[in-house]
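J.: For 20-39, 51-73, 94-117, 152-175, 182-202, 227-252, 264-289, 322-348, 360-381, 393-414, 435-458, 470-490, the entry in TrEMBL reads transmembrane segment.
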Amino acid sequence: MSTAEPTTRRRRGAFSSRKVFIFAAIGSAVGLGNIWRFPYVAYENGGGAFMIPYLVALLGAGLPFLLLDYALGHKYRGSAPLSFARLRRGAESLGWWQVGICFLIAIYYAAIIAWALRYMIFSVDEAWGAKPEEFLFETFLQAGDPGIDTTIVVGVLVPLAIVWGVVVLVMALGVEKGIGKLSLYFIPVLVVAFAALVVRALTLDGAATGLDALFTPHWAALTEPGVWGAAFGQIFFSLSIGFGVMITYASYVDEDSDMSGAGMVVGFANSGFELLAGIGVFAALGFMAQAQGMAVDEVAADGLGLAFVVFPTLISEAPAGALIGVLFFGSLVIAGLTSLVSVLEVVVSAVRDKLELGRVTAALAVSVPAAVVSLVLFSTTSGVHVLDIIDHFINQYGILLVAVVSMLVVAWSLRALPDLADHLNRTGSLKLGRTWFLLVGILVPAALTYILVDALVADIKEPYAGYPGWMLGWLGWGAAGGVIVLGVVLSRLPWRPETPLTAPYDRPDADQAVKKEEIR
Ligand code: PHE
């Protein structure tokens, strides 16, 4: 039986055009981090002066690193493990490590989207009443003390099941009809909804005070290493680089596409959205501070606190608050969904490549178990604690660590940068050379290492957020370490005989080989 014949093999999937790829990549990059992380990070780290480290991080580290991911996926035309395996067999475990991280991110990201979905409905009648914080923890999440408790919270279970229903469907529909279409339709909706929110926020009394607080430059901040670390950390997280997403998406792009040009578009679009979010969030915070007779720094917050405590308070306070609520939480849902499918696609494509499965089979084999784990872990009364811990540890010792390790391996141990640059330069509008090698080989790993060590010292000095040691041990360090072990174990499993492990561009019949990969 000639299983190796391209016609008998399954389509791997592809984006129908570079435009769809760009939308999907923006969909992945623009996420909760843009809306609830960036504004506060900028505010805390020098305000207007933060723009300098931020731009340095974007141009010097974010974009060069994004292009490295693109080059790997586009040249080797595989999921993260397959791309690394084609680069060098021994590097495959890096890809599986990324897959493990993405699986973990997916299961808790879905929970946050579910909360936002529920809050979109709560905003209509301001269901949180006079005490949004109590409402969040006691009425809505029914959170107990830190620990593990298996009492199901129906109010979370239902929206979470809905989110997973949508996600399973999108994943089963595939790269173009699922992820591509979702991003193509929803990114414009997100931009319009969010722009409307920003306009509304800017017309509230006190908006200017908020903007002042955000943009007044504190130049002294520029001398603090922590501020630079925050800028690089924000850029890495925000662009979804270094943990498999961009490798996977780039593997679905037509061979003749200008990838470096696409990278610029994605990078600037993501930062543009981030800036817009900063303006919207701080205009709204300015209004709230004024309404409550407080200073902006007393109301400013990020993450869950900003979205589920500060915004509800503000929605209750503002004229036509329900509209603000629906726009804000609706934006979180859309931004979150397009990021969620991107991390899940890392897992689906890896399983599909390794086992040579059909699209629907692989999508279901991955997303149904992910949904079950997510529902079990996060619709219970201990969900919020589990989420907080996994989020913290996976961001630091998952995303950042795998990024720095894989970059060092690619640059120094495999010395693959010149080949990868050549690959992008074939069709790219931006020519990569010495500067790119220096940035990717030295500046980026150095910045990442600095951030990691800094975080490690903080976590060792003081247990994260005061959680009990056993919880941090199992869910935090355990999860971050577990994915490394998983990576090594999975990379030991054999590939199917019909999966070629040479890079398509390096095969004797390169032209045809690349085409064949597309119909795999
Ligand atoms: N880039 C996304 C953001 O800014 C974050 C993200 C994290 C996306 C993890 C996918 C996975 O929010």
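Backbone N, Cα and C define each Cβ position, glycine as well.
Whatever TrEMBL says is automated annotation, not expert-curated.
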J.: Can you tell me which recorded stretch out of 20-39, 322-348, 435-458 has the most Cβ pairs within less than 8 Å of the transmembrane segment (227-252)?
T.: 20-39
J.: Could you name the stretch, out of 51-73, 264-289, 360-381, 435-458, 470-490, with the greatest number of CB pairs under 8 A to the transmembrane segment (182-202)?
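T.: Looking only at 51-73, 264-289, 360-381, 435-458, 470-490, the most contacts with the transmembrane segment (182-202) come from 264-289.
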J.: Honestly, do the transmembrane segment (322-348) and the transmembrane segment (435-458) touch, with at least three Cβ pairs under 8 Å and pairs 6 or more apart in sequence?
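T.: Contact between the transmembrane segment (322-348) and the transmembrane segment (435-458): absent.
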J.: Could you check whether the transmembrane segment (435-458) packs against the transmembrane segment (393-414) - three or more CB pairs closer than 8 Å, residues at least 6 apart in sequence?
T.: yes
J.: Could you tell me whether the transmembrane segment (264-289) and the transmembrane segment (20-39) have 3+ CB pairs under 8 A, leaving out pairs under 6 positions apart?
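T.: These two segments touch.
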J.: Same-chain Cβ contacts of the transmembrane segment (152-175) under 8 Å, 6 or more residues past its ends?
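T.: Same-chain contacts beyond the ends: 13-15, 110-111, 113-115, 117-118, 140-142, 181-182, 252, 337, 340-341, 344-345, 348, 359-360, 363-364, 366-368, 370-371, 374-375, 378-381, 383.
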J.: Name the range, of those listed as 51-73, 94-117, 264-289, 393-414, 470-490, that has the largest tally of Cβ pairs under 8 Å with the transmembrane segment (360-381).
T.: 94-117
J.: Using a Cβ distance cut-off of under 8 Å, indicate which of 51-73, 94-117, 264-289, 393-414 has the most pairs with the transmembrane segment (470-490).
T.: 94-117
J.: Which residues, given as numbers and ranges, are at least 6 beyond the ends of the transmembrane segment (393-414) yet have a Cβ under 8 Å from it?
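T.: That would be 65, 68, 72, 84, 87-88, 91, 94, 97-98, 101, 104-105, 233, 236-237, 241-243, 420, 437, 440-441, 444-445, 448-449, 451-452, 455-456, 459, 464, 472, 475-477, 479-481, 483.
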